[in-house]
Amino acid sequence: MLFVGYLVLGAFAGMLAGLFGIGGGLIIVPVLVLSFHAQGVAPEIITHLALGTSLPTMIFTGFSSLRAHQEAGAVDWGMIRRLGAGMLVGAWLGGMTANLLSASTLNIIIGCFAWTMALQMGLNLRPKAERHMPGPFGTGIAGTVIGWMSALFGIGGGSLTVPYLTWNSVPMRNAVAASAACSMPIALAGSLSYLYAGWGDADLPEWSVGFIYLPALLGIVLTSTQFARLGARLAHRMSPRRLKQAFALLMLLVGAKFMLFS
């Protein structure tokens with residue numbers, strides 16, 4: 001019965017990811033936290049286990065999205081290589097950083113990030129295209145910071161990558177495509193770091209590999225990629241203003257949930 005719940009979570013996360021153009025991490029992580037609480041997982045590792053399980057789901061959703069963008073000719077592989085190298089390093093460091101923090105500290109950090117996202121979307125705060133992409137070194141540093149924050153928050157990085165690229169005068173179409181591509185190195189390196197950090201932890205539930213809970217991962221992946229397409233179709237039928245308001249409300253609730261568990 002619990003596995004059915006993970007299938008439903010994957011469908012819900014995929015739908016919202018398609019609607020709002022984000023990875024499902026900000027949806028998956030809080031629901032997994034609630035699920036692990038109900039399962040009786042040790043409180044000290046619940047948030048770490050939720051973050052570690054969320055990241056590998058984005059390898060699959062990112063690949064599915066990237067294929068569509070590649071077919072549309074929107075992928076700038078040169079820019080992605082420069083960003084992706086830094087993101088690999090940053091995502092690994094993000095997972096290691098999370099392992100050094102207590103569950104309550106992580107909850108506060110993620111809650112604040114969710115509220116920041118709510119304000120950004122609710123008030124339509126977007127950086128203006130005032131500059132151009134830096135050189136390889138600067139792009140690599142930016143990728144490292146984005147990767148670090150993404151792994152720490154258990155997200156694919158779209159909510160950070162797209163604003164950064166548009167600020168650097170990258171067209172939105174190419175920024176979204178780059179975000180889809182870059183979510184995979186973030187998810188891969190972040191997943192490996194959570195796997196390594198949690199390896200051998202005595203409090204892990206059965207069927208865990210490090211801080212990755214395999215039944216939840218499988219259930220989410222089976223449905224999220226399919227429902228993301230449905231969500232994307234629905235997004236084109238809804239007004240952008242209502243989409244932003246709904247997303248802002250969702251992030252306010254997610255942030256409040258994490259603060260309550262801190």
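Yeah, the Cβs are placed from backbone N, Cα and C, and that goes for glycine too.
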Range among 64-82, 83-101 that TrEMBL annotates as transmembrane segment
83-101
Region pair the transmembrane segment (145-165) / the transmembrane segment (45-63), three or more CB pairs under 8 Å:
yes
Going along the chain, which residues at least six beyond the ends of the transmembrane segment (211-231) come within the CB cut-off of under 8 Å?
2-20, 24, 28, 32, 35-36, 45, 48-49, 51-53, 56-57, 60-61, 64-65, 191, 194-195, 197-198, 201, 204-205
Tertiary contacts of the transmembrane segment (83-101), as residues 6+ beyond its ends and Cβ separation under 8 Å
48, 51-52, 55, 109, 139-152, 157, 161, 178, 181-182, 185-194, 196-198
